[in-house]
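See below for the structure under consideration.
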Amino acid sequence: MQPHDFTWIFALGIVGSICDAFGIGANDVANSFASSISSGSLSLMQACIVASFTEFLGALLLGASTSETIKGGILDVKEFAPQPELLMLAMLCALIGSATWVIFASKYGLPVSTTHSIVAGIMGTGIAAFGGGAITWGYDGVAKIITSWFVSPVAAGIVTAIIYLPTRYFILESPNSFKRGVLAIPIYFFCTALIGSFFIIYKGVPSDKKDSLSDGAIVGISF
């Protein structure tokens, strides 16, 4: 194999990545900003401008753990060691499959997970290449992702209720709701910044650097 024999796969991979990123933006930005736009807090143009920064920074600062999982937590890449060009082709096919489905689903307003789309694409190429044995089915791989399908909605609902109920009864339904709202805004900003900082350090820092920090140290840094 010559170094430049498979440059075409790399070039098509870039195109596939751009298409997949377009579909992810079309789907995920709507998830993030639909409530802000519908409430009138942001216009559609303002949301697009803000999203161009926040979506990029989210992928940059919080994408390390997810990238590690997609890179080697689903498919046993050792199977491709004798033929690395086959791994390039497999990832290209996964990108094209994910991009096609996500763009189609977003176009017609279908609920779709962009992360699960690329995960399924990688699983499909692994099974096509080496059979089901090439997939990491245990909790270190696919099982953890499947578990998140059930845990995430429940966890999100509980957190939302915890935030909404005190806000409704102690602020919005209070006779002096405006004054209480002004006093509560810094608290909400602090909690948001604290959670964001915690997850940037806990999930965004590569594991080889994060191992030197204890959970207590991460909480302390976040505060």
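Positions of Cβ are set from backbone N, Cα and C atoms, glycine also.
Copied over from TrEMBL:
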TRANSMEM  6-30  transmembrane segment
TRANSMEM  42-66  transmembrane segment
TRANSMEM  86-106  transmembrane segment
TRANSMEM  118-139  transmembrane segment
TRANSMEM  145-171  transmembrane segment
TRANSMEM  183-202  transmembrane segment
Maximum Cβ pairs under 8 Å to the transmembrane segment (86-106) - stretch from the list 42-66, 118-139, 145-171, 183-202: 118-139
Two-stretch contact, the transmembrane segment (42-66) and the transmembrane segment (118-139), at least three Cβ pairs under 8 Å: no
Positions whose Cβ lies under 8 angstroms from the transmembrane segment (145-171), at least six residues beyond its ends: 69, 74, 116, 119, 139, 177, 180-181, 184
